[in-house]
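Going by TrEMBL, these are the annotated features:
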type     : residues                                                   : note
DNA_BIND : B:26-65                                                    : DNA-binding region
DOMAIN   : B:89-190                                                   : domain 'CoA-binding'
BINDING  : B:Gly100, B:Ile101, B:Gly102, B:Asn103, B:Leu104, B:Gly105 : NAD(+) binding site
REGION   : B:220-253                                                  : region 'Disordered'
There are 2 protein chains.
Amino acid sequence: MATGRTHRPASRSRGIPEATVARLPLYLRALTGLSERSVPTVSSEELAAAAGVNSAKLRKDFSYLGSYGTRGVGYDVEYLVYQISRELGLTQDWPVVIVGIGNLGAALANYGGFASRGFRVAALIDADPAMAGKPVAGIPVQHADELEKIVSDNGVSIGVIATPAGAAQPVCDRLVAAGVTSILNFAPTVLTVPDGVDVRKVDLSIELQILAFHEQRKAGEEAANQAAHPTAARRDDSAEQGPDGDVPAVMPA
Amino acid sequence: MATGRTHRPASRSRGIPEATVARLPLYLRALTGLSERSVPTVSSEELAAAAGVNSAKLRKDFSYLGSYGTRGVGYDVEYLVYQISRELGLTQDWPVVIVGIGNLGAALANYGGFASRGFRVAALIDADPAMAGKPVAGIPVQHADELEKIVSDNGVSIGVIATPAGAAQPVCDRLVAAGVTSILNFAPTVLTVPDGVDVRKVDLSIELQILAFHEQRKAGEEAANQAAHPTAARRDDSAEQGPDGDVPAVMPA
DNA sequence: CAGTGTGAACGTGTTCACAGCC
DNA sequence: GGCTGTGAACACGTTCACACTG
């Protein structure tokens with residue numbers, strides 16, 4: 001595996017597991033913090049703690065990139081920052097367009113983490129003519145009619161969709177047709193795209209629902225323990241929604 | 001597995017795989033759409049398409065909840081909506097507080113998907129005294145000093161953190177101390193919480209970095225094909241960042 | 001000796017393919 | 001006949017534990 005010096009790009013950059021890729025930004029952030037505090041080296045243990053993972057996972061992740069550590073010492077912070085940045089493609093800069101400048105779009109435009117790492121907001125686009133020309137985060141909003149021109153003129157390959165659900169698919173289609181091949185979707189819809197186009201979705205409501213699931217479970221366990229432990233049971237405004245019995249009005253055949 | 005009528009909550013609600021839980025909201029959304037269009041039943045194939053997964057996965061997921069389908073027919077839409085809602089704990093309502101009413105916090109407060117499914121914004125909290133009393137999304141912002149009181153008065157168990165990175169951990173600690181046991185974190189920081197507290201993180205910058213990784217890979221493959229296929233190569237403003245050779249200024253030992 | 005790098009064991013998630021039922 | 005429900009096979013991801021090395 002990756003014999004010392006990096007040789008064939010294909011052999012070492014092929015097949016980095018998705019799960020590892022998803023953690024690289026986490027490591028990078030932790031490393032950047034260390035770098036700013038001028039820490040020269042870290043052990044896998046320390047870095048793992050800073051990134052919120054366990055050290056075995058971190059070492060395995062790094063092993064996919066190559067052998068960038070020093071046994072008995074740890075990892076050189078600056079060197080790792082560079083290697084991970086390069087692996088993620090952050091040594092080049094990525095022009096990004098944000099479509100849909102409502103509350104969320106504006107929040108994204110103002111988000112500092114954007115510019116910090118290789119990403120540059122090339123344009124803000126909204127369908128509302130009243131928005132056109134209005135500056136948000138110092139960038140004038142452009143009308144949706146300009147979308148295709150903006151994408152091709154700026155060589156944009158990453159698009160962020162922050163429109164209402166209904167507008168998302170048409171916007172997506174236009175972005176893709178104009179040449180965008182990666183989309184970050186904040187609208188609560190499943191987007192359909194041709195092969196070769198990546199979509200990642202960020203969905204607030206889904207995250208909350210997952211939390212609710214676990215929260216409910218906790219409450220259930222608490223209730224179960226209550227027989228033996230009749231202590232304070234928080235958040236019991238009404239009857240514990242019975243996981244049994246109470247069937248809805250509508251019933252299947 | 002789940003013999004017909006649901007009996008012991010523990011036996012059937014124990015051990016729904018995390019991956020399945022994460023998809024339930026997706027199914028629920030697709031089903032809600034069908035329900036609004038008064039579609040009475042769906043096959044696993046149709047529903048899977050609407051949710052953007054494959055049908056085998058969907059059937060396996062549903063099998064963890066019980067046998068809610070009818071062979072040869074499909075699933076009753078209304079019934080499934082109810083079962084999934086109940087499983088996710090959405091038949092009760094969850095008061096939520098949002099801390100940090102900047103651009104993002106305001107976007108979240110205005111987000112419709114919130115109220116639609118069991119979640120209710122109980123309070124908006126910000127550290128800036130100038131914000132206090134100002135209504136956002138029709139809800140007056142309260143000062144951070146009130147945090148503990150708000151959480152306990154409303155029986156809040158889910159908190160959303162939309163503060164700057166530096167404030168996130170202290171806010172988190174206060175929320176947890178006040179009784180919150182589930183946290184949705186939008187700040188780009190790793191939060192440390194006691195056992196029994198769930199944290200989910202939404203991180204825009206990480207999502208973009210993952211997209212950049214894949215985007216870079218595509219560009220690399222494109223470049224590789226270029227030898228045989230010297231067609232138009234989009235987004236090649238500068239030299240293909242060599243995955244080999246070019247070492248940074250800083251070097252390891 | 002301290003700490004990386006990694007095979008091997010393990011666990012989780014996905015897909016297949018078909019038996020069983022309506 | 002058509003579609004669900006599910007064991008069994010497979011793929012992917014995580015953890016363990018230790019050989020190896022600066």
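Note: Cβ is positioned from N, Cα and C throughout, glycine not excepted.
Counting residue by residue with DSSP, the DNA-binding region (B:26-65) contains 30 helix, 2 strand, 8 coil.
Broken down with DSSP, the domain 'CoA-binding' (B:89-190) shows 41 helix, 29 strand, 32 coil.
For B:Gly100 (NAD(+) binding site), the same-chain residues 6+ apart in sequence whose C-beta sits under 8 angstroms from its C-beta are B:Ile125, B:Asp126, B:Ala127, B:Ile161, B:Ala162, B:Thr163, B:Pro164, B:Ala167, B:Val171, B:Phe186, B:Ala187. For B:Asn103 (NAD(+) binding site), the number of other Cβ atoms no farther than 10 Å from its own Cβ, over all displayed protein chains, is 20. Neighbour density at the Cβ, taken as the number of other Cβ atoms within 10 Å, is lowest among the binding-site residues B:Gly102, B:Gly105 for B:Gly102.
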